[in-house]
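Worksheet for the structure shown next.
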Amino acid sequence: MTTLSAWPWENYGNLKYLLYAPLAAQVMYSLAYEEDYWRAFWCLNILIICGLKGLVHVLWSTYNNMLFLTRTLRINPKGVDFKQIDHEWNWDNYILLQAILASMICYMSTPSMMIISTIPLWNTKGLIVLLVLHVTFSEPLYYFLHRSVHRNNYLFTNYHSFHHSSPVPNPMTANNATLLESLLLCVVAGAPLIGSCLLGVGSISLIYGYAITFDFLRCLGHCNVEIFSHKLFETLPILRYLIYTPTYHSLHHQDMETNFCLFMPIFDVLGSTLNPNSWELQKMIRLAAGEPRRVPEFVFLAHGVDVMSAMHAPFLFRSFASMPYTTRFFLLPMWPGTFMLMLVVWLWSKAFLCSFYTLRNHLCQTWLVPRLGFQYFLPFAKQGINNLIEDAILRADKLGVKVISLAALNKNEALNGGGTLFVNKHPDLRVRVVHGNTLTAAVILNEVPKDVKEVFLTGATSKLGRAIALYLCRRGVRVLMLTLSTERFQKIQKEAPAEFQNYLVQVTKYNAAQHCKTWIVGKWLTPREQSWAPAGTHFHQFVVPPILNFRRKCTYGDLAAMRLPKDVQGVGTCEYTMERGVVHACHAGGLVHMLEGWEHHEVGAIDVDRIDIVWEAAMRNGLSYVSSLIQRTFSGMGWIWKDTMSKIQLMGSRNLRRRQTALHSELEALQWAMESMLQHSICQRF
């Protein structure tokens, strides 16, 4: 590996943040045991500045991913995919390096140099000196180093190419670089501050202001959103040479022989490296902001689940949204704020663009209805939610969208009849409204083994339950339909061909399935209800949220889902708990509808005859089956008995399903081993 191309803590993951611990420890120690607080003062300020610098990056990333605000001003229209997010995962290494270097300076300095009383809060002379040092030292040094790195094949290949490996510039790209480049950037950024302090004109506000502004401008150049109006530069042409724009720096990532400056394009003018299209392209992007943009051909209309999962949105924490959703403790302090925001958008809001990707040159977007799961079950909120969904459908129709697919509760039967309400109310819709449940049913049915002769079905009279029951009975599978309504059961039974009606059996209690090892769950099951399932049962499910994995001797399927085709581009967000590149089956169903060019609406009851047609179309278009039975990995374990003669006897072995972490698996293995030991004679030693 090339010298200084890798970070020392590259393999430590989140443990790298322990490097901040000595600074925090110094603060607490000085406050507790030292009379002079100057070292604690500077250590505390280093921690605060690092936190603020990180916040600047996060806020810029939030703005960058607010597609409902920035979509028309984006310079590079492509999406940031998982590969780029992983590449930029350690974007904050640069901030950690600055903390280490700043603490070294603090410890190497004498108390007289760092005494708090000698550094004022504000010093006007210091600001002037800092600006002079920045313009005369930092700007030309960065320009020279940057241009040299680009023109030296060895340096570019082994160092700077890492930064340019991000195809779509964004705020996290700004300081994503190798160790050597980050060290050089620390010199560029630190020289004006150190110079001002050595000349005796430094101040607290100067240190904070310059350190944060430096990162702010770096993020601005990489934000991929043209925030400057072209009229500003037409009114004050001199600004073209004093401050760069996001378009200006984006051109450097496209044409790497131009636009090398740090923040001031005047140095590119002096060095004859100014891209001649810099200002014309910037004006073009601003003027095009008010014009119609590319229309999506497919829209997936999603909604929030709960307050915690609402923070899984890509415009809040990009890295968090790029992983399947799980509850994280660091989100808990933000729960009250998110709840208050939920109340605000309840008063006034509309569906907005959340994410997008492209598939075979088809633009596909996800719009979000700003409502959470519990709100769909409030009687007084139903009309408002239907109005939001209707508004989104009409907006999609006006734009020229081909297919809009309704997610989960947006197609609830009690809410709008699975989308029937909107199709009946607007018979001239050009956009095709799709609930996607036909493919959802197909996914569940294809997960049921072909040799199964009997299944137990809860939620049996729901839209999905009805379709699953009718399909399975045609396969000669005996379906135990759990329902208290004889009328609804008989209605479904009459839909089945006469020769298969006997395969549909109404049951009213869970104990009727105590010998059935295939459960299809469409209604929430309590642990007590699950206890009726025999050992070895597999729970297929289409209930939201999924049931708890209560039974240790049973297996649990995931929600129906499909993996997007391999040629999809720009996917950088996980859909709720789905794995990367995997979407809910109803999402995939709408996508297939668009790719096949079908002209009918898919609303209301599921057409059982189309289940196989939709499944074959999904396979034909490159979507792949995501089976929980296929995906699940197992780990084997066993425990032995060893007597005083060192004779070894295997006492037990079993498989464990994959868990969230290795620690989860180890704890479950320990629990099983202890339970097994208790079953043997107490005279034996283990």
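Every residue, even glycine, has its Cβ placed from backbone N, Cα and C.
Curation does not apply to TrEMBL; its annotations are automatic.
Sequence annotations record features per position, and here TrEMBL assigns domain 'Fatty acid hydroxylase' to 132-273.
Annotation comment: TrEMBL describes 455-623 as domain 'Very-long-chain aldehyde decarbonylase CER1-like C-terminal'.
For 40-60 (among others), the entry in TrEMBL reads transmembrane segment.
TrEMBL lists 95-115 (among others) with the feature transmembrane segment.
Residues or ranges marked as transmembrane segment in TrEMBL: 127-145 (among others). Remote same-chain residues near the transmembrane segment (127-145) are listed as 184-185, 187-189, 191-193, 195-196, 199, 201, 206, 210, 260-264, 267-268, 271 (criterion: CB distance under 8 Å, separation of at least six residues from the stretch ends).
The transmembrane segment annotation in TrEMBL covers 182-208 (among others). Same-chain residues lying 6+ beyond the ends of the transmembrane segment (182-208) with a Cβ under 8 Å from its Cβ atoms: 4, 45, 49, 52, 93-94, 97-98, 101, 105, 119-123, 125-127, 129-131, 133-134, 137-138, 141-142, 145, 175, 214, 262.
Residues or ranges marked as transmembrane segment by TrEMBL: 298-317 (among others).
Annotated transmembrane segment per TrEMBL: 329-348 (among others), in sequence order.
Away from its own ends, the transmembrane segment (298-317) comes close to residues 58, 62, 65-67, 325, 327, 331, 334-335, 338-339, 342, 351, 354-355, 362-374, 376, 389, 392-393, 396, 401-410, 545, 572-576, 583, 587, 590-591, 594 of its chain (Cβ-Cβ under 8 Å, at least six residues beyond either end). For the transmembrane segment (329-348), the list of distant contacts is 304, 307-308, 310-311, 370-372, 375: same-chain residues at least six beyond its ends, Cβ to Cβ under 8 Å.
Within the chain carrying the transmembrane segment (40-60), a Cβ under 8 angstroms from the stretch's Cβ atoms is held by residues 20, 23-24, 26-27, 29-31, 34, 91-92, 95-96, 98-99, 102-103, 106, 114, 116, 171-172, 174-175, 204, 207-208, 211-212, 215-216, 219-220, 223, 317, all 6 or more beyond its ends. Residue counts for the domain 'Fatty acid hydroxylase' (132-273) under DSSP (helix as H, G, I; strand as E, B; rest coil) come to 99 helix, 1 strand, 42 coil. Per-residue pLDDT, averaged across the domain 'Very-long-chain aldehyde decarbonylase CER1-like C-terminal' (455-623), gives 94.
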